[in-house]
Amino acid sequence: MTSVASSPNPSTDRPAAGPLPKAELHLHIEGTLEPGLAFALARRNGVELPYATEDELRRAYSFADLQSFLDLYYALMAVLRTEDDFADLAHAYLARAKEQGVRHAEIFFDPQAHTARGVAIGTVIDGLARALDAAEETYGISTRLIMCFLRDESAESALATFEAARPYLHRITAVGLDSAEVGHPPVKFREVFALAKEAGLKCVAHAGEEGPPAYVWEALDVLGVDRIDHGVRSMEDERLVARLVADQVPLTVCPLSYLRLRVVDDLADHPLPAMLDAGLLVTVNSDDPAYFGGYADDNFTAVRDALGLDGATLRRLARNSFRASFLDEPTRERYLKEIDAHEAAAGQDGAHGA
Ligand code: ADE
Ligand code: ZN
């Protein structure tokens, strides 16, 4: 059988290396719901969508800000009802992730967005877990699950969700915090994050996406998070950057999300190069790829093209993704060696992509 890595690359006469091996650390599974699957699940479950066709739905993917995206993101979840739906959603993501060079995925899910519609938390977790249990063998991808609390819901709702998830905590690696950021500071969730820590879970939080640097400080000092999701607005606070660099706190940056949510009008204006220059442990991720126009490697390609990143910088980002992951050390080392092998196969500059 001819593998991707052994097929000839006409431009270099060296073996084509395929996409860089990478870990995806910021991926909302509900944000991988492609229009085709949304319509298929709507038919299967007898759910009426307010769009006549997939194209009409796609035309709604024009966002002014985070909230305008979230409105559609939550509305489309109406098609996710059964364990099979969640398993199919995760399988569809994993198949795409494999094509994009993803070797390890730490996957967010939003239980409150489903329990609020009458879907039991066990249905969500069992469905996702069924697909993830097959991921290593079927797609060659190791996985972890991260349960997020919706920050625009109450602290009591987050606590009730954590208690409802207790029978499933063996399936969950970390808790996270997402949804509309401004007006919902991390401190609101101090108690539930303390319970998660007591239960031995890792902690992450979206902070500094639309919210101020003060929210990143709080996520670090009050919630005690292991990673910051997005965190781009940290760049507005020199002292915060120094802290993040000193502690090498990973930031899971999502370039196409930043573009599609109109934080920048041009990806060439993304602060990723300045973040790298500052010595931050930055990773590149896809956030909600079905909505933002690209999966993991598409984000790598987009920043390469818009920001002129060279092969060495792309490999640094890929290495960071494994360093920032919750993997055990031997597996992390094995994946890092895959990047070395990719570099060797791609030649001196390590041409990225096919
Ligand atoms: N939920 C899904 N995607 C999100 C994002 N980019 N920010 C906050 N919450 C989200
Ligand atoms: Zn996100």
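Keep in mind that glycine also has a Cβ here, set from the backbone N, Cα and C atoms.
Other Cβ atoms within 10 Å of the Cβ of Glu209 (active site, proton donor), summed over all protein chains shown, number 25. The active site, proton donor annotation in TrEMBL covers Glu209.
The Zn(2+) binding site feature in TrEMBL is assigned to His26, His28, His206, Asp287. Mapped onto three states, the DSSP output places Asp287 (Zn(2+) binding site) in strand.
According to TrEMBL, the substrate binding site annotation covers Asp288.
Per-residue pLDDT, averaged across the domain 'Adenosine deaminase' (21-341), gives 98. Per TrEMBL, the feature domain 'Adenosine deaminase' maps to 21-341.
The recorded positions near ligand 2, defined by a Cβ under 6 Å from one of its atoms, are Asp287, chosen from Glu209, Asp287, Asp288. Ranking the binding-site residues His26, His28 by other CB atoms within 10 A of the CB puts His28 at the bottom. When the alpha carbons of His28 (Zn(2+) binding site) and Asp288 (substrate binding site) are compared, the span between them is 6 angstrom. For Asp288 (substrate binding site), the count of additional Cβ atoms within 10 Å of its Cβ stands at 24 [all protein chains shown].
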